[in-house]
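A.B. asks: So Swiss-Prot lists these for the protein:
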type	residues	note
DOMAIN	5-69	domain 'J'
ZN_FING	131-213	zinc finger
REPEAT	144-151	repeat 'CXXCXGXG motif'
BINDING	CYS144, CYS147, CYS201, CYS204	Zn(2+) 1 binding site
REPEAT	161-168	repeat 'CXXCXGXG motif'
BINDING	CYS161, CYS164, CYS187, CYS190	Zn(2+) 2 binding site
REPEAT	187-194	repeat 'CXXCXGXG motif'
REPEAT	201-208	repeat 'CXXCXGXG motif'
Amino acid sequence: MGKRDYYEILGIDKSASQDEIKKNYRKLARKYHPDVNKEADAAEKFKEVKEAYEVLSDDQKRAQYDQFGHSGPQSQGFGGFGGGAQDFGGFGDIFDMFFGGGGRSRDPNAPQQGNDLQYTMILDFEEAVFGKETDIEIPKEESCDTCNGSGAKPGTKPETCSHCHGSGQLNQEQNTPFGRVVNRRVCNYCQGTGKIIPDKCNTCGGSGTVQKNKKIHISIPAGIDEGQQIRVAGKGESGKNGGPAGDLFVVIKVRPHDFFVREGDHIFCELPLTYAQAALGDELEVPTVHGKVKVKVPAGTQTGKTFRIKGKGAPNVRGRGHGDQHIKIKVMTPTNLSEKQKDLLREFNELGGNESTDEQDDNIFQRFRRAFKGE
């Protein structure tokens, strides 16, 4: 099966701008990244997207691809395929050969950045609103203290692999209709490291790393919300060959509150009123995350009426002020009435106490919706 067209892979037209190429690449790279997408073919699709972007994001490579496609320029001044063996460095490096890479191999001993780590932290409602300072312990791969990360028993050292001579790759020559081709593959004797460890460290078993519980201090900013994450630079797994450490990403989960509901920076709650309070009006103390606040409820207040207390919501996590607290009224229907109370209600009903305006009936559901939209 032939290779797919690069423009098709990225879902763009041949006239696409560099901004469009970059935008579609980022979207697809996030979609198929093996750390996010666990489907069996995700890694292959991610590699395919990356390869397409590497060519189309480079104006020179893109022009050559538009002219020659996957077959390459062949005899158009690039040396062709005939004659001596051409070193392609494996199929993944074919475009390096065509577009200036010259079949360069990767140095197995080059510094490599460590893996990123993810930690899920569960906060109480108030902790998310006000923030906190805390320490967490996470298991992470650290350089082995016994062998200083070499993987070799103290007093010994790794040796250069005699099969790949330290390159980490083996060359396999094949005869093709185009001539002899050298295909590179990872050295199976040293697993691509370029080193052999005759005497392995007893502590780490030759890996050069051990798992340790590491205490890390985390500053939770005020106003953080469910699903947001905090990046702690350099607190991921250790790098290899002197490379930098990865990062730690702390993903936030927030426990539900019994009384408050949060939407963005705004906080919502429901305030129960008796018939008498709703009809006659009242002044009540209402709880907020910042303390109690007095609210005047005017006479004739209906279920669904909302009041806003400005600035009593959650602080914006980026420091852009505070949200508001929205209070939705709920008039409670009594369920356990004494005979005297029932008689009084019947008398009230006979005096015309059951009259209500059409406007009140029509708008009650509109007010309910507005309350949850923060209007």
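Cβ from N, Cα, C; glycine included.
From a predicted model like this one, the values you see are computed outputs, not experimental measurements.
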A.B. asks: Same chain, outside the repeat 'CXXCXGXG motif' (144-151) by at least 6, Cβ under 8 Å from its Cβ: which residues?
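C.D. replies: Same-chain contacts beyond the ends: 157-158, 197, 200-204, 206-210, 238.
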A.B. asks: So which other residues, same chain and not among CYS144, CYS147, CYS201, CYS204, have a Cβ within 8 Å of the centroid of the Cβ atoms at the Zn(2+) 1 site?
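C.D. replies: My list of surrounding residues reads ASP145, THR146, ASN148, GLY149, SER150, GLY151, ALA152, LYS200, ASN202, THR203, GLY205, GLY206, SER207, GLY208, THR209, VAL210.
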A.B. asks: Given the binding-site residues CYS161, CYS164, CYS187, state which is nearest to CYS204 (Zn(2+) 1 binding site) when distance is taken between Cα atoms.
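C.D. replies: Given the candidates CYS161, CYS164, CYS187, the nearest one is CYS161.
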A.B. asks: Could you count the residues of the domain 'J' (5-69) that DSSP puts in helix, in strand and in coil?
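C.D. replies: Secondary-structure breakdown of the domain 'J' (5-69): 46 helix, 0 strand, 19 coil.
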A.B. asks: Could you put numbers on the helix, strand and coil content of the repeat 'CXXCXGXG motif' (144-151), residue by residue per DSSP?
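C.D. replies: For that range the per-state counts are 0 helix, 0 strand, 8 coil.
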A.B. asks: Write out the long-range same-chain contacts of CYS187 (Zn(2+) 2 binding site), meaning residues 6 or more apart in sequence whose Cβ is under 8 Å from its Cβ.
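C.D. replies: Residues satisfying the criterion: CYS161, HIS163, CYS164, SER167, GLY168, GLN169, LEU170, GLY194.
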A.B. asks: Below 8 Å Cβ to Cβ and six or more residues apart, same chain only. Which residues does that give for CYS201 (Zn(2+) 1 binding site)?
C.D. replies: CYS144, THR146, CYS147, SER150, GLY151, ALA152, LYS153, PRO154, GLY208
A.B. asks: May I have the DSSP-based helix, strand and coil counts for the residues of the repeat 'CXXCXGXG motif' (161-168)?
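C.D. replies: Going by DSSP assignments, the repeat 'CXXCXGXG motif' (161-168) contains 0 helix, 0 strand, 8 coil.
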A.B. asks: Provide the three-state secondary structure of CYS187 (Zn(2+) 2 binding site) computed with DSSP.
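C.D. replies: In three-state terms, CYS187 (Zn(2+) 2 binding site) counts as coil.
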